[in-house]
Every structure is written in C-alpha cells, then in structure tokens.
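Please read the structure below before turning to the comments.
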Amino acid sequence: MTGIAAASFFSNTCRFGGCGLHFPTLADLIEHIEDNHIDTDPRVLEKQELQQPTYVALSYINRFMTDAARREQESLKKKIQPKLSLTLSSSVSRGNVSTPPRHSSGSLTPPVTPPITPSSSFRSSTPTGSEYDEEEVDYEESDSDESWTTESAISSEAILSSMCMNGGEEKPFACPVPGCKKRYKNVNGIKYHAKNGHRTQIRVRKPFKCRCGKSYKTAQGLRHHTINFHPPVSAEIIRKMQQ
C-alpha cells in the first residue's frame, strides 16, 4: 500500500480513480470501496490472477464487509427503526422536543381535524384552539376581548390527532390549525412550527368570568382573583353599614 493510499484511510477519503468522496467512518469508506471500486466477478478475478500470479490484493479475497455481515446490518436497522418511531411518539406526548431549524412548507392540504373547544379533556392543562362549536357562536360575538388570551404553542395532543398514519405519506405531520397547509417530515419540524408559526393567531377562550368583567382560563385563577379583589363581607360589617 502506497503512502497516498494509506493516507486516504486515515482521512476517510476515497482516492480510487479520483473519486474524492469523504465518509464519516473508516468502515463506511471500506464498504464504499468494496461496492464501487473492487471487482467481484470470478472471471475478472481469474484474469487478474493469471496476469499477476505472484501478487493478488487481499481486498479481493478477504472482504471487510462479508455478505453475512451485510445481512446482519440490514436486520439490525429494521429492528432499530420501530424503536426509534416509538421514541419520537413518546417525545411528542411529553412535549419534550428540542427546537429544530425551519423547514420548507409543503403543498398538500392538511386533514380535517375536529375543532378544539374549552370542553376538551386537555383544556385545563394545555388550552389551545381557534374554532368552537356552532352553539357557542352567539356567545363569542357578544363577548369582550377580556375573555380571550393568546397561546404561543399548539398542544402535542392536537399534533398527534392531525398526524397522517399512511405509511406512504412523505410529510405525515400536518399543522392542526384550520387553514394552515404546512406539513413536515418529522416531529421536530411540526413542533417548531407549532411553537412559532401561529404565536399571534391562536386565541383561547377564558371561560371563568368574574362579575367585575375579568376572565380567567382556570377556576383557580378566578378563585384567586375573587379572594384578593372581592373578599366576602361579614354580617357585622353589613349591620354597621346599615346603621
């Protein structure tokens, strides 16, 4: 092996015929060389042996990646893939997904998802949504802006409910916000879009309203407000006021 050939292995760069491809590991480089630059045809090997009877490269005899090793590697990849999918799904349900870079938007129409209302089972923990049932329309129109707040992210439940389970779908993760046609290939893309794409568009109802006009998203918030700003008046104070 020449010095240049040896150096190519240390740099993980293929030097065969000016190929120049770079690989992350030595194993990947060797596999590339065996697949693309070394002949495995028995007739070619026999011809080379006849031409050079005193020397035959070991690469033709002892392959680094044998057929058995390749089959084992493919089998291992198939076993790892379902576990990776389960890990991603679990990460979405917990909402623990790191912020990824932005992705380009898709052109497919997102599936129709049911409207997210204050009566949803996850309203108290992750309130989201921008559309409500028809029977609430009259109340919404007469309500003031004080009864609304903005939400900076879409819940994991909403993302999972809009996920396309078709295995052939290139971008299965669709934005659940009605009218948004954004689709993404992975969980990180849709989570980043959900966190930043509709920061000022999503309005969430604050259904717990005080007689003074203030509204709150939870009963605990309304109770805290009442205790601090509208404390109960004792019977003794009422009698003194009537005197």
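Glycine is treated like the rest: Cβ placed from N, Cα and C.
These features come from Swiss-Prot:
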- 12-37: zinc finger (ZN_FING)
- 39-79: region 'Required for interaction with NR2C2' (REGION)
- 89-108: compositional bias 'Polar residues' (COMPBIAS)
- 89-151: region 'Disordered' (REGION)
- T109: phosphothreonine (MOD_RES)
- T113: phosphothreonine (MOD_RES)
- 118-130: compositional bias 'Low complexity' (COMPBIAS)
- 131-148: compositional bias 'Acidic residues' (COMPBIAS)
- 173-198: zinc finger (ZN_FING)
- 208-230: zinc finger (ZN_FING)
Within the predicted model, mean pLDDT of the region 'Required for interaction with NR2C2' (39-79): 65
For the zinc finger (12-37), the number of residues DSSP places in helix, strand and coil: 14 helix, 2 strand, 10 coil
Helix, strand and coil counts within the zinc finger (208-230) (DSSP): 11 helix, 4 strand, 8 coil
